[in-house]
């Protein structure tokens, strides 16, 4: 058994179910400060002790370790390419086909252009990086991972707010009604959830650390709720982007040009496909999050 | 400890991580015939034996049991209402606002109307029921659950095929290009994955039962792949429905009427919102599926 084979994706799925696991590897000291401390050690029949919350390793450790590192590297590379690519492609589309950005009264369309670019940046790129970092960062202390998670969401927030104001003001300037489409309903819900999640997350997982011990139980019970609503917000953001792209294609390129597979149609569809790709990678990395709740409950009641 | 407190949602998340669990309750005999038999019993320090793959119960068993049954009842009720409601609402929309269905040359629009109704029925209602049944059916033998899963997907298949042919033939009759939109790209991918999943699932999890023991390892290793691609297919189906609804609203109701929040706009948006609701409930029930793989691996290598 190789004690250095540290799995790179720590909490994707609780896998110590058939636990015959070795002691925690040396560098597995990630403080789980939202979880109550596990009931430390239990005695084994052989007289050894072991940490209860460790990964299970078996006779094929080295090979599994290598596979997991490959998966880790692949997910990070793919995610980075897609997350940066989708915003890059959106900016390219607007600069090359839609005359760029602006906030002047004479060309309100340039102001509208801020909407797709900023919403994709906020709901997909920054939010996606934030979720991914939280799931895959292993080498950093937990508090730094949480700060990174908060910072990336903090970067997403002005994007979403300005992106929202851009389209609201554009509609008002052009005399177009607001909040009538499925896109806007989904987007509004996603924005509301985003704000709520940020406020609750910031208060609970950062501010309440001032009284770390006293709030451990509350914070632990909030983790799975925050995770579930986080995934929901992300998925709603993606759905809003896809319906928004469809609307924009039909409004601006027009039905017939869109149907003739113009260059711009293909670029816009490529943006949509990239967003779907991002969603797949992010949902893949957060799979098994549901196990968290039960582990927390079990940790609180170690029988 | 109440040995009758059987959790109603069996495999949502592996929760025996801190396993100090009692013997499996009497009626917990769900044959896991895609998984190799667990390494039965291991001896405990106290001289007792226990099943390794059991749920962990603690001193608050009765309360937790009641909570889980409440959750179970709520999920089933909500899912049934949403899954039937979304198809009912789509049929109502078409009958009341879009002149109903047909397959005649004189009114091709009636033929098009089959497309949204059948796609929603196939990708959302039948597929949704199929996934839910597989996750929440506990009282039935595993093989019957698998057959129900296969039957509901078999019901979805003609809906999807006829729904696809309806729009293809409509486009050809009207001289409209095919496969140009983001909606069509996402929908095509979803259809391809659906067919592939059905073929692989039928062959692997039903036909290969002929040689049950010899194929146990292969089937067990395929379960998490099938589950992951199943969720992906469902999510892509939902994304196709949402982008399709947006397209249809702009094509048929028209931009200005849609923006004026006509009755029909609200009905169409309500269909979209219901589809999002279905997606949330289904994703909620399949959360933690990612844990499956690891359990399987651990079961194969009990070390």
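Using N, Cα and C of the backbone, Cβ positions are placed for all residues, glycine too.
These features come from TrEMBL:
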COMPBIAS  A:22-40  compositional bias 'Pro residues'
DOMAIN    A:78-287  domain 'Cytochrome b561'
REGION    A:1-59  region 'Disordered'
TRANSMEM  A:72-96  transmembrane segment
TRANSMEM  A:116-135  transmembrane segment
TRANSMEM  A:147-168  transmembrane segment
TRANSMEM  A:188-210  transmembrane segment
TRANSMEM  A:222-246  transmembrane segment
TRANSMEM  A:266-286  transmembrane segment
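Per-residue confidence over the domain 'Cytochrome b561' (A:78-287) averages out at a pLDDT of 95. Same-chain residues lying 6 or more positions outside the transmembrane segment (A:147-168) and placing a CB less than 8 Å from one of its CB atoms are 103, 111-112, 114-119, 121-123, 126-127, 129-131, 133-134, 137, 140, 178, 191, 194-195, 198, 201-202, 206.
Within the chain carrying the transmembrane segment (A:222-246), a Cβ under 8 angstroms from the stretch's Cβ atoms is held by residues 34-35, 115-116, 119-120, 122-124, 127-128, 131, 181-183, 186-187, 189-190, 193-194, 196-197, 200-201, 204-205, 268, 271-272, 275-276, 278-279, 282-283, 286, 289-290, 292-293, 296, all 6 or more beyond its ends. For the transmembrane segment (A:72-96), the list of distant contacts is 8-9, 113, 116-117, 120-121, 124-125, 128-129, 132, 136, 264, 267-268, 270-271, 274-275, 277-278, 281-282, 284-285: same-chain residues at least six beyond its ends, Cβ to Cβ under 8 Å.
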